[in-house]
Every structure is written in structure tokens, then in C-alpha cells.
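Visitor: Submitted below is the structure of interest, expressed as C-alpha cells.
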Amino acid sequence: MKRIAVFPSGGDAPGMNAAIRAVVRKAISEGMEVYGINRGYAGMVDGDIFPLGSKEVGDKISRGGTFLYSARYPEFAQLEGQLAGIEQLKKHGIEGVVVIGGDGSYHGAMRLTEHGFPAVGIPGTIDNDIAGTDYTIGFDTAVNTAVEAIDKLRDTSSSHGRTFVVEVMGRNAGDIALWAGIASGADQIIVPEEEFDIEKVASTIQYDFEHKGKNHHIIVLAEGVMSGEAFAQKLKEAGDKSDLRVTNLGHILRGGSPTARDRVIASWMGSHAVELLKEGKGGLAVGIHNEELVESPILGTAEEGALFSLTEEGKIIVNNPHKARLDFAALNRSLSQ
């Protein structure tokens, strides 16, 4: 394989630029040419494809977002869109692609593979909801950004004796909420994977203020449960009388310079993706498991999902058998007593 392309797709995540940089520089070191594609699958279909060299990625490792831009392109789910994209790739002499993104991006890569066009996926999403990897690019940065924000909200919450509901991204997964909640010492964490009793949540707030002498109460809420405003309304209906505020951290979690960890795993996975294409291997997704590189079929990775669930004993079971987690939900309950 002499010429490959790389592009991000779907929602952006800190560290995508580091992955693109790694793909470009590794490929060049292996004697391959690299092309970039702007705006993901939309740019592929439109022919927004151009050469990338070491110079073009020279100052990108520390930047958040993605300099190749990104977009969602639902039309690629249709055969017409897929064939149009492949036609453009062949027109530019490209023999394989590296796709950086989440499950929607993986589905596109899966379609390319089914049409006999080698594609390798790299997990790039702050949600950390991709099967076949312990961590996705952008997750660590998003968690650190959330923790920094929650720490600051705790300051003002303590000053006024308030309850704060902090809504964080994550789509249908509670990973960001769990990690950020534990790291920030949240009083309660609400995630899609675990049922909750709104009356118990409300009574816990009251007990903390009246009997434990607390001057604040922080609830971290995953967006996959419901919106922060809707949750606050339910709290009031359940009898909460505290001075309640809602903060939605929103897209701020997608921005900012990536952490060292995100830069390293992005570089590691990007380099390995090139090695796979050089060997003529497509239809694979790169991941990290137990701090080692792993590969899994992109078909299974895109279809399986990586959401975790809880047993009656509170033990977290991850649907991806290659992924292990601490019992974070139970851990937080014990630490917030």
C-alpha cells in the first residue's frame, strides 16, 4: 500500500490532531504518501482530499479540535453515498483509509470494508463508549475539563449553601459522569447504567444539609439520563427544598488542549493503524486494553457498543468482554458518606 488517507468524523475530541499527526509521520517514515480529507465522509464524497506532509502536522499535537474539520454525514449510510466516496478515493489513488471517530464513524468504515476498501478505525470520542478499547481519544481530556469546572462550582456552591446539578456529555454512556464525579468528590452521581430513586436523591440532599453539616451538595448527571433542567424539576417535585442550581457543561468538554495521556494514546494508535494498512489489513479497529495495543474487527466493534451495566450487587459489567472497570458506582457511594 503506497497511498493512504486519514480523516476525523462525527463529533470532535481532543487528541484527534495528535492521531492525525501520528498517521502522517508514521506513514511517511514507511515510504507511504498520506492524504487528508476535510469534513469526514462529506468531504470524501465531495472530493475535498489533499496531500499531507510532515510540515502540515508540525504544530498540531497540542491543539484541541481537529484541523481537518469534522462533520456528520448521514447520507453515507446509503449505498449511493458509499460508492461516491469510494470513487473519489480511487480518483486520488488512495488504497486505504484511517478513520478517527465514534460508532457512527465506525459504521462508515465498516461499509467501506464491506465494499472491499481497507479501512482501519481509531476510537476518537469523549464519550468513551466504543467497544474494543479501554479508553477513547478525548475521554481523559473531557474528564479533566469536567473536574476543573466542578471544582469551581463547588466553591460557589459552598459560599451560598446551594445544591448544584452538573450535567455532562456522554451520550448514552455514564463514563464521563462517573470519572469526573469521583475525581471531584461529587455527593451523588446519576448515570444511565444505574436506576435511581428521585425521592432518595432528594432526601439525601436534605440529610446532608441538616444532619451532616454540609454547606453544599454536588450532583453529577450524565446527559443520557435526562437534561439537568428536567432532573431539577423532578427533584423539586420529590420535595427538595434546597437552593438548587443547574449547570450544563455542554460542548466545553470537547474543547481545549489534549492531556498528555490523550496525546500519547492517540500517537500510539495512529502509528499502529498505519502498520496495519501497510500489512494490507483492513476492517479492524485499534484500541488500548490493559495499557497494550489491541485490534478487533470493526464490524463487531461498531455493532456491539461499550456501555456498562450494573448487577444487583452494584458490580459493573462491561458489555465489551475485553474491557475491565472498577466498581466506580459503589466506590463513589462509599466515599460520599
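Each Cβ is built from the backbone N, Cα and C atoms, and glycine gets one as well.
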Visitor: Considering the ADP binding residues Arg21, Ala22, Val23, Val24, Arg25, Gly185, Ala186, Asp187, Lys212, Lys214, Asn215, His216 given in Swiss-Prot, which of Arg3, Arg154, Arg245 is annotated for that site as well?
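Guide: Site partner of Arg21, Ala22, Val23, Val24, Arg25, Gly185, Ala186, Asp187, Lys212, Lys214, Asn215, His216 for ADP, according to Swiss-Prot: Arg154.
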Visitor: Of the candidates Arg162, Arg261, which does Swiss-Prot annotate as part of the substrate site that also includes Thr125, Ile126, Asp127, Met169, Gly170, Arg171, Glu223, Arg245, His251, Ile252, Leu253, Arg254?
Guide: Arg162
Visitor: Arg72, Tyr73, Gly102, Asp103, Gly104, Ser105 bind ATP according to Swiss-Prot; which of Gly11, Gly174, Gly181 goes with them?
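Guide: So, going by the record in Swiss-Prot, that would be Gly11.
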Visitor: Could you state the whole-number distance in Å separating the C-alpha atoms of Gly11 (ATP binding site) and Thr125 (substrate binding site)?
Guide: 7
Visitor: For ATP, what surrounds Gly11, Arg72, Tyr73, Gly102, Asp103, Gly104, Ser105 with a Cβ no more than 8 Å from their Cβ centroid?
Guide: Ser9, Gly10, Gly40, Gly101, His107, Gly108, Thr125
Visitor: If you count CB neighbours within 10 Å, which one among the binding-site residues Gly11, Gly102, Gly104, Gly185 has the smallest count?
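Guide: Looking at the binding-site residues Gly11, Gly102, Gly104, Gly185, the Cβ with the fewest others within 10 Å is that of Gly185.
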Visitor: Provide, as an integer number of angstrom, the distance between the C-alpha atoms of Met169 (substrate binding site) and Ser105 (ATP binding site).
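Guide: Rounded to the nearest whole number, the Cα-Cα distance is 18 Å.
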Visitor: In sequence order, which same-chain residues at least six apart have a C-beta under 8 angstroms from Lys214 (ADP binding site)?
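Guide: Lys214 (ADP binding site) has long-range Cβ partners Asp187, Asp208.
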